[in-house]
Amino acid sequence: MSRINLIRRQSNLTKKSYYHSTSISLKPKISVAIVGSGPSACYTAKYLSSTLKQQSKKGLLTGTNIDDLERVDIDIMEKLPIPFGLVRMGVAPDHPEVKNVENDFAQLFAPSDSEKEENIESSIEFFGNVGVGTDVSVEELRSLYDVVVLAYGCESDRKLGIPGEDLEGVYSAREFVSWYNGHPDYVHMGEKFQKVLHDPRNSSVVVVGQGNVALDCARILAKGRDGLNDTDIAKHALEVIGDGVKTTTVLGRRGHVQGAFTIKELRELTKLGDTDFIVEMSELEAGNTEATQAELDGKGARPKIRIDKLLRDAAEKSGSASSKKEKQVKLRFLLNPTEFLAKNSDHTRLGQVRCERTKLEGEPGHQRAVGTGGFEDITADMALVSIGYKGVPLPGMDESNFDFKRGVVKNTHGKVHGVENTFVSGWLKRGPSGIIGTNIVDAKDTVSSIIKDLQNVPEDEIEGRYGLQTLLAKKKVQYVDWDGFLKIDKEEKSKTRLRTDSQPREKFTNIDDMLKCL
Amino acid sequence: MQAIRTKIRPVAAKFRLNPVRHHGGPKISADAPTVQFTFVNPHPSQGKSAADEKLTVTARIGETLLQTAHRHDVDLEGACEGVCACSTCHLIFDEDVFDELEEASEDEEDMLDMAFALTATSRLGCQVKVTEEMEGMEVRLPAATRNFYVDGHIPQPH
């Protein structure tokens, strides 16, 4: 123990302790590594830091006396040189207000406010351009840090597993979203999208899935350049989408009351100026089973009731619409894709999506889509599969701590099964659902597990941040710290890069270009 | 009631990453008329033991409740910075106060649909402005603890 720590520790002995009965000595400094830098990582860092500060002041922490704790270092590892995960790479470019949360997250990394009196010091540092599992292993992190939190989200997706899924023109929504948001790993997809959408105004796209990602894809495809020019959508995406796609059909196997989308995203589709939003009343009625009516009646049904009304209004309007706009977004229900069919002219490329019509069976809240034997083929130059993201394990994980079927880390309230001092939060913990705010409750859940477990942190001195810096230097990994990111951020906003005055930024889509800003 | 030391967050010095394009809430000066009311459960992250904690604050008439909360270090999130694009500033009112509030806009209702632990008297703190009539009221922050999971609450799907 260093001399300073020893002195600090001695001075602690004179502090008045209200919890003689539960005095468990903690080491004076705890080092935490968080893998990933999206909302779940940032909220975990935020609440770990703030809860420890508040608890230490008020002595509310149950079962543990943390008088000894003086400093918490939280290091956030991110594979890309830039932080914030899906806020940057997932949130749609035409939802800039949702990205305001970046300002809140940025406070975490800003120099601490010296005016504040805190019993516990806390510093949060950004380590960008550091791949965990490639540049450093999770075992190395465990040897350097007291606590490791996995918050790297979902880097894969669920597949339909039907014939034709490998045809040219069938892609995952995750690939499409990452591409239009300028993710460096997905720039190469542009060539493929360009090929199948070479004439957007005469093209049809099918989006399979009924969540907000599916609606985002449809909206972006419909809006085109005019609707997106002032956003931070990557330039390469505007070049491909052009003036927008003529017909986009979003479909799923269950009914409109069972959809995973939320009303804000649905309402946006009703307000696209040059695009008709088409809903079939017959499909809404077909899904209106007794069980569905019960779902609309139950506790917490308010969001469903309002979605039901919005879609019925939209269906009535699309039934009576006399004007026909140039583009359309169709929202279809009770259709289960069974096969992707090739074009007659080119058997390597997608031409149609074959769907079986379904009906709902089962109890309220557990209705399943059952095939009816009736089929419909829907023309499609491109299909985006949007039926859920999936987490992938880090090297070294196995069935004991990773649920391969669901793509999540096995955990209890965020504590990873069978691995000491390792935690998980966000999509990797609960699966790919929820909005940014869902991560608040989720992170608090993981943070309370971490705090309850702090007493199990071994007393040994560990190297923490300094150790990581040394290791990265030894491995010749050029990491990007917070100031480095700010330089990249500044360049992205430079007037010379922007197409319009109100565009917030033109993202770098290449890691080398980002590193050149340093 | 437990006395709670309040720290004033240095709003002016707040570090910003993105330009202020949508400003959340009006600027109400410090010498505006004020009322006093009470936040119940001002620090939800401290779990059940703190759920009945109360914090009485002085609020400026005309500002949003989110602004009041932030000036008094109440742990009310405002992820979208008060522009009605998230539901993290969810507050629960008493029925008699709720009935007197200006009606929620369609946008606010849409965001409320995504709020945790929605009640019949829920509103978003960024959309409700402080009025004279709020003198003496109590307004509650929803519990945000692991109990959501224990109770089998399933987060709204994305």
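Even glycines carry a Cβ here, placed using N, Cα and C.
Owing to the predicted nature of the structure, the values given are computational and were not obtained by experimental measurement.
For the FAD site, TrEMBL lists A:SER40, A:GLU78, A:VAL132, A:TRP427, A:GLY434, A:ILE435, A:ILE436; matching the candidates A:LEU48, A:LEU86 against that entry yields A:LEU86. Cα spacing between A:GLU78 (FAD binding site) and A:ARG254 (NADP(+) binding site): 37 Å, rounded to the nearest whole number. In sequence order, the binding-site residues from A:SER40, A:VAL132, A:GLY211, A:VAL213, A:GLU265 that place a Cβ under 8 angstroms from a chain B Cβ are A:GLY211, A:VAL213. Figure note: comparing Cβ neighbours within 10 Å for the binding-site residues A:ARG253, A:ARG254, the maximum is reached by A:ARG253. Between the alpha carbons (Cα) of A:GLU265 (NADP(+) binding site) and A:VAL132 (FAD binding site) lies a span of roughly 34 Å.
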